[in-house]
(Lines of atoms letter the chains of each structure in order from A; the text may use other names.)
(Lines give C-alpha, C1' and ligand atoms only; values in the text may rest on other atoms or scores of the structure.)
Protein backbone atom coordinates (compact mmCIF):
# COMPACT_ATOMS: atom_id res chain seq x y z
CA UNK A 1 0.00 0.00 0.00
CA UNK A 2 1.13 3.52 -0.76
CA UNK A 3 1.09 6.03 2.09
CA UNK A 4 -1.65 8.55 1.23
CA UNK A 5 -1.30 10.78 4.28
CA UNK A 6 -3.13 14.08 3.77
CA UNK A 7 -3.32 15.21 7.41
CA UNK A 8 -0.70 17.90 8.03
CA UNK A 9 -1.51 18.48 11.69
CA UNK A 10 -3.42 16.88 14.54
CA UNK A 11 -5.57 18.38 17.27
CA UNK A 12 -5.04 17.18 20.85
CA UNK A 13 -8.45 16.86 22.50
CA UNK A 14 -7.22 16.88 26.11
CA UNK A 15 -9.99 16.51 28.70
CA UNK A 16 -13.12 18.10 27.20
CA UNK A 17 -15.36 16.94 30.09
CA UNK A 18 -13.45 19.10 32.60
CA UNK A 19 -12.25 21.87 30.29
CA UNK A 20 -14.40 24.36 32.27
CA UNK A 21 -11.97 23.76 35.15
CA UNK A 22 -9.04 24.51 32.86
CA UNK A 23 -7.42 27.26 34.91
CA UNK A 24 -7.64 25.28 38.15
CA UNK A 25 -6.23 22.16 36.49
CA UNK A 26 -3.53 24.28 34.88
CA UNK A 27 -2.43 25.56 38.30
CA UNK A 28 -2.45 22.09 39.90
CA UNK A 29 -0.49 20.45 37.09
CA UNK A 30 1.94 23.35 36.83
CA UNK A 31 2.79 23.02 40.53
CA UNK A 32 3.17 19.23 40.16
CA UNK A 33 5.40 19.70 37.10
CA UNK A 34 7.62 22.29 38.79
CA UNK A 35 7.90 20.16 41.93
CA UNK A 36 8.83 17.09 39.87
CA UNK A 37 11.43 18.94 37.79
CA UNK A 38 12.90 20.63 40.88
CA UNK A 39 13.15 17.36 42.81
CA UNK A 40 14.80 15.47 39.97
CA UNK A 41 17.20 18.32 39.10
CA UNK A 42 18.27 18.53 42.75
CA UNK A 43 18.91 14.78 42.79
CA UNK A 44 21.01 14.88 39.61
CA UNK A 45 22.97 17.91 40.86
CA UNK A 46 23.71 16.40 44.27
CA UNK A 47 24.76 13.03 42.80
CA UNK A 48 27.09 14.74 40.30
CA UNK A 49 28.74 17.03 42.87
CA UNK A 50 28.90 14.83 45.98
CA UNK A 51 31.89 12.56 46.54
CA UNK A 52 29.86 10.37 48.93
CA UNK A 53 27.34 9.26 46.29
CA UNK A 54 29.71 7.63 43.80
CA UNK A 55 28.09 4.20 44.06
CA UNK A 56 26.15 2.16 41.46
CA UNK A 57 22.86 2.88 43.23
CA UNK A 58 23.24 6.64 42.84
CA UNK A 59 24.75 6.28 39.37
CA UNK A 60 21.51 4.64 38.23
CA UNK A 61 19.34 7.06 40.22
CA UNK A 62 21.05 10.05 38.63
CA UNK A 63 20.35 8.71 35.14
CA UNK A 64 16.79 7.79 36.13
CA UNK A 65 16.11 11.29 37.49
CA UNK A 66 17.58 12.95 34.38
CA UNK A 67 15.31 10.93 32.10
CA UNK A 68 12.34 11.64 34.37
CA UNK A 69 12.87 15.35 33.69
CA UNK A 70 12.96 14.67 29.94
CA UNK A 71 9.91 12.38 30.19
CA UNK A 72 7.66 14.92 31.90
CA UNK A 73 8.95 17.81 29.78
CA UNK A 74 7.96 15.96 26.62
CA UNK A 75 4.30 15.89 27.65
CA UNK A 76 3.31 18.24 30.48
CA UNK A 77 3.99 21.65 28.79
CA UNK A 78 1.54 20.73 26.03
CA UNK A 79 -0.99 19.53 28.63
CA UNK A 80 -0.68 22.88 30.43
CA UNK A 81 -1.37 24.68 27.16
CA UNK A 82 -4.49 22.55 26.62
CA UNK A 83 -5.81 23.35 30.12
CA UNK A 84 -5.14 27.05 29.64
CA UNK A 85 -6.17 27.55 26.00
CA UNK A 86 -8.34 24.57 25.08
CA UNK A 87 -7.68 22.19 22.20
CA UNK A 88 -4.18 22.45 20.77
CA UNK A 89 -2.88 21.66 17.31
CA UNK A 90 0.40 19.87 16.70
CA UNK A 91 2.09 19.26 13.36
CA UNK A 92 2.40 15.77 11.90
CA UNK A 93 6.19 15.70 12.36
CA UNK A 94 6.09 17.21 15.88
CA UNK A 95 3.44 14.67 16.89
CA UNK A 96 5.58 11.70 15.93
CA UNK A 97 8.65 13.26 17.54
CA UNK A 98 6.70 13.62 20.78
CA UNK A 99 5.45 10.03 20.50
CA UNK A 100 8.99 8.75 19.94
CA UNK A 101 10.45 10.69 22.90
CA UNK A 102 7.64 9.64 25.23
CA UNK A 103 7.68 5.94 24.32
CA UNK A 104 11.49 5.75 24.10
CA UNK A 105 12.08 7.28 27.54
CA UNK A 106 9.20 5.30 29.04
CA UNK A 107 10.52 1.99 27.71
CA UNK A 108 14.07 2.84 28.77
CA UNK A 109 12.75 3.69 32.24
CA UNK A 110 11.25 0.22 32.64
CA UNK A 111 14.49 -1.48 31.64
CA UNK A 112 16.45 0.80 33.97
CA UNK A 113 14.08 -0.01 36.85
CA UNK A 114 14.81 -3.69 36.28
CA UNK A 115 18.56 -2.96 36.39
CA UNK A 116 18.14 -0.88 39.56
CA UNK A 117 16.18 -3.71 41.19
CA UNK A 118 18.94 -6.19 40.38
CA UNK A 119 21.51 -3.72 41.76
CA UNK A 120 19.64 -3.47 45.07
CA UNK A 121 19.20 -7.24 45.15
CA UNK A 122 22.94 -7.85 44.74
CA UNK A 123 23.76 -5.14 47.32
CA UNK A 124 21.46 -6.65 49.96
CA UNK A 125 21.71 -10.36 49.19
CA UNK A 126 25.40 -10.52 48.16
CA UNK A 127 27.05 -7.58 49.98
CA UNK A 128 30.57 -9.06 49.92
CA UNK A 129 30.51 -9.61 46.16
CA UNK A 130 28.65 -6.36 45.37
CA UNK A 131 31.70 -4.13 44.61
CA UNK A 132 33.08 -6.75 42.24
CA UNK A 133 29.84 -7.53 40.43
CA UNK A 134 28.46 -3.98 40.11
CA UNK A 135 31.59 -2.08 39.14
CA UNK A 136 31.55 1.10 37.05
CA UNK A 137 32.24 -0.73 33.79
CA UNK A 138 29.35 -3.15 34.35
CA UNK A 139 26.96 -0.34 35.29
CA UNK A 140 27.90 1.70 32.21
CA UNK A 141 27.49 -1.30 29.90
CA UNK A 142 24.07 -2.07 31.38
CA UNK A 143 22.85 1.49 30.76
CA UNK A 144 24.25 1.51 27.20
CA UNK A 145 22.62 -1.86 26.52
CA UNK A 146 19.24 -0.58 27.77
CA UNK A 147 19.52 2.59 25.65
CA UNK A 148 20.57 0.71 22.52
CA UNK A 149 17.89 -1.94 22.82
CA UNK A 150 15.16 0.61 23.54
CA UNK A 151 16.21 2.91 20.69
CA UNK A 152 16.17 0.05 18.17
CA UNK A 153 12.78 -1.31 19.28
CA UNK A 154 11.00 2.04 19.57
CA UNK A 155 12.41 3.32 16.27
CA UNK A 156 10.95 0.21 14.67
CA UNK A 157 7.43 0.72 16.05
CA UNK A 158 7.28 4.50 15.55
CA UNK A 159 8.57 4.06 11.99
CA UNK A 160 5.86 1.47 11.39
CA UNK A 161 3.07 3.73 12.67
CA UNK A 162 4.38 6.83 10.83
CA UNK A 163 4.11 4.94 7.52
CA UNK A 164 0.38 4.37 8.03
CA UNK A 165 -2.07 6.49 6.04
CA UNK A 166 -3.81 9.40 7.82
CA UNK A 167 -6.51 10.74 5.56
CA UNK A 168 -9.55 11.23 7.76
CA UNK A 169 -10.17 12.49 11.32
CA UNK A 170 -7.36 14.54 12.85
CA UNK A 171 -8.55 14.90 16.46
CA UNK A 172 -6.45 12.79 18.84
CA UNK A 173 -8.54 11.67 21.87
CA UNK A 174 -5.63 12.25 24.23
CA UNK A 175 -3.53 15.06 25.74
CA UNK A 176 -0.37 14.02 23.87
CA UNK A 177 0.64 11.96 20.84
CA UNK A 178 0.75 8.29 21.80
CA UNK A 179 0.87 5.15 19.69
CA UNK A 180 -2.68 3.90 20.42
CA UNK A 181 -4.52 7.12 19.48
CA UNK A 182 -2.37 7.53 16.34
CA UNK A 183 -3.16 4.00 15.20
CA UNK A 184 -6.84 4.75 15.89
CA UNK A 185 -6.77 7.70 13.45
CA UNK A 186 -5.19 5.77 10.59
CA UNK A 187 -7.38 4.94 7.58
CA UNK A 188 -5.20 1.99 6.48
CA UNK A 189 -4.90 -1.59 7.73
CA UNK A 190 -3.43 -1.31 11.24
CA UNK A 191 -3.33 -4.97 12.26
CA UNK A 192 0.43 -5.38 11.79
CA UNK A 193 1.15 -2.12 13.67
CA UNK A 194 -1.11 -3.17 16.55
CA UNK A 195 0.48 -6.62 16.73
CA UNK A 196 3.98 -5.14 16.75
CA UNK A 197 3.04 -2.59 19.43
CA UNK A 198 1.45 -5.25 21.61
CA UNK A 199 4.44 -7.58 21.20
CA UNK A 200 7.03 -4.93 22.10
CA UNK A 201 4.97 -3.65 25.04
CA UNK A 202 4.53 -7.20 26.30
CA UNK A 203 8.26 -7.96 26.06
CA UNK A 204 9.52 -4.68 27.56
CA UNK A 205 7.01 -4.15 30.36
CA UNK A 206 6.48 -7.73 31.46
CA UNK A 207 10.16 -8.71 31.26
CA UNK A 208 10.98 -5.71 33.43
CA UNK A 209 8.15 -6.64 35.80
CA UNK A 210 9.36 -10.25 36.11
CA UNK A 211 12.96 -9.20 36.81
CA UNK A 212 11.85 -6.59 39.34
CA UNK A 213 9.50 -9.06 41.08
CA UNK A 214 12.23 -11.71 41.38
CA UNK A 215 14.73 -9.15 42.67
CA UNK A 216 12.38 -7.75 45.33
CA UNK A 217 11.28 -11.24 46.35
CA UNK A 218 14.93 -12.10 47.02
CA UNK A 219 15.32 -8.85 48.96
CA UNK A 220 12.26 -9.64 51.11
CA UNK A 221 13.58 -13.13 51.90
CA UNK A 222 16.91 -11.62 52.98
CA UNK A 223 15.18 -8.95 55.09
CA UNK A 224 13.08 -11.56 56.91
CA UNK A 225 16.32 -13.24 58.01
CA UNK A 226 17.69 -10.07 59.61
CA UNK A 227 18.20 -10.57 63.36
CA UNK A 228 17.14 -7.08 64.42
CA UNK A 229 13.42 -6.20 64.40
CA UNK A 230 14.31 -2.52 63.97
CA UNK A 231 16.39 -3.26 60.86
CA UNK A 232 13.59 -5.39 59.42
CA UNK A 233 11.03 -2.64 59.99
CA UNK A 234 13.26 0.00 58.36
CA UNK A 235 14.00 -2.22 55.35
CA UNK A 236 10.34 -3.15 54.86
CA UNK A 237 9.35 0.53 55.08
CA UNK A 238 11.76 1.42 52.28
CA UNK A 239 10.76 -1.56 50.11
CA UNK A 240 7.04 -0.94 50.54
CA UNK A 241 7.33 2.68 49.38
CA UNK A 242 9.33 1.53 46.34
CA UNK A 243 6.74 -1.12 45.54
CA UNK A 244 3.83 1.35 45.75
CA UNK A 245 5.36 3.57 43.04
CA UNK A 246 6.36 0.56 40.93
CA UNK A 247 2.80 -0.79 41.17
CA UNK A 248 1.43 2.51 39.87
CA UNK A 249 3.90 2.55 36.97
CA UNK A 250 3.50 -1.07 35.92
CA UNK A 251 -0.26 -1.13 36.49
CA UNK A 252 -1.01 1.94 34.39
CA UNK A 253 1.32 0.90 31.54
CA UNK A 254 0.00 -2.66 31.40
CA UNK A 255 -3.52 -1.18 31.23
CA UNK A 256 -2.57 1.20 28.38
CA UNK A 257 -0.20 -0.83 26.21
CA UNK A 258 -0.41 -4.57 26.91
CA UNK A 259 -3.53 -5.27 24.87
CA UNK A 260 -3.88 -6.82 21.39
CA UNK A 261 -6.23 -4.06 20.20
CA UNK A 262 -4.40 -0.74 20.72
CA UNK A 263 -7.48 1.31 19.80
CA UNK A 264 -9.59 -0.05 22.69
CA UNK A 265 -10.14 1.84 25.99
CA UNK A 266 -8.80 5.11 24.51
CA UNK A 267 -11.00 7.25 26.77
CA UNK A 268 -9.76 5.64 29.98
CA UNK A 269 -6.16 5.68 28.70
CA UNK A 270 -6.02 9.41 29.35
CA UNK A 271 -6.62 9.03 33.08
CA UNK A 272 -4.16 6.14 33.31
CA UNK A 273 -1.53 8.16 31.42
CA UNK A 274 -1.79 10.93 34.04
CA UNK A 275 -0.43 8.46 36.60
CA UNK A 276 2.77 7.99 34.59
CA UNK A 277 3.22 11.58 33.45
CA UNK A 278 2.23 13.46 36.63
CA UNK A 279 1.93 11.25 39.72
CA UNK A 280 4.95 8.90 39.58
CA UNK A 281 7.46 11.58 38.43
CA UNK A 282 6.34 13.61 41.44
CA UNK A 283 6.69 10.68 43.86
CA UNK A 284 9.96 9.23 42.56
CA UNK A 285 12.29 11.92 44.01
CA UNK A 286 10.69 11.47 47.44
CA UNK A 287 10.56 7.68 47.35
CA UNK A 288 13.97 6.93 45.93
CA UNK A 289 16.31 9.53 47.36
CA UNK A 290 14.89 12.46 49.32
CA UNK A 291 14.10 10.06 52.20
CA UNK A 292 17.68 8.82 52.09
CA UNK A 293 20.04 10.02 54.85
CA UNK A 294 23.06 9.91 52.53
CA UNK A 295 21.31 12.24 50.09
CA UNK A 296 20.32 14.56 52.94
CA UNK A 297 23.95 14.71 54.08
CA UNK A 298 25.22 15.31 50.54
CA UNK A 299 22.61 18.04 50.03
CA UNK A 300 23.68 19.80 53.22
CA UNK A 301 27.32 19.63 52.14
CA UNK A 302 26.46 21.05 48.71
CA UNK A 303 24.52 23.94 50.27
CA UNK A 304 27.43 24.61 52.66
CA UNK A 305 29.89 24.71 49.74
CA UNK A 306 27.69 27.19 47.91
CA UNK A 307 27.50 29.44 50.99
CA UNK A 308 31.30 29.29 51.51
CA UNK A 309 31.99 30.10 47.83
CA UNK A 310 29.92 33.26 48.18
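Even glycines carry a Cβ here, placed using N, Cα and C.
Feature annotation from TrEMBL assigns transmembrane segment to 24-47 (among others).
Annotation source TrEMBL lists domain 'G-protein coupled receptors family 1 profile' at 39-288.
Summarising the annotation, TrEMBL assigns transmembrane segment to 59-84 (among others).
Remote same-chain partners of the transmembrane segment (90-118), defined as residues 6 or more beyond its termini with a Cβ less than 8 Å from a stretch Cβ, comprise 5, 7-12, 57, 60-61, 63-64, 67-68, 70-71, 74-75, 78, 142-143, 146-147, 149-151, 153-155, 157-158, 161-162, 166, 172, 176-179, 182, 200, 204-205, 207-208, 211-212, 215-216, 246, 249, 253, 276. Residues or ranges marked as transmembrane segment by TrEMBL: 90-118 (among others).
Sequence-distant contacts of the transmembrane segment (139-161), counting only residues of its own chain at least 6 positions beyond either end whose CB sits under 8 Å from a CB of the stretch, comprise 56, 59-60, 63, 96, 99-100, 103-104, 107-108, 111-112, 115, 119, 179, 182-183, 186, 192-193, 196-197, 200, 204. Sequence annotations record features per position, and here TrEMBL assigns transmembrane segment to 139-161 (among others).
Long-range Cβ contacts of the transmembrane segment (198-224) within its own chain (Cβ-Cβ under 8 Å, at least 6 residues beyond either end) map to 107, 110-111, 113-114, 117-118, 120-121, 124-125, 150, 153-154, 156-157, 232, 235-236, 239, 242-243, 246, 250, 253-254, 257-260, 262. Taken from TrEMBL, the feature transmembrane segment covers 198-224 (among others).
Per TrEMBL, the feature transmembrane segment maps to 236-258 (among others).
Counting residues 6+ beyond its ends, the transmembrane segment (24-47) has Cβ neighbours under 8 Å at 15, 18, 53, 58-59, 61-62, 65-66, 68-69, 72-73, 76-77, 79-80, 83-84, 278, 281-282, 284-286, 288-290, 295, 298-299, 302 in the same chain. If one looks beyond the transmembrane segment (236-258) by at least 6 residues along the same chain, the residues whose Cβ comes under 8 Å of a Cβ in the stretch are 106, 109-110, 113, 178-180, 197-198, 201-202, 205-206, 208-209, 212, 216, 219-220, 223, 265, 268-269, 272-273, 275-276, 279-280, 283-284, 287-288, 291.
The average pLDDT computed for the domain 'G-protein coupled receptors family 1 profile' (39-288) is 87.
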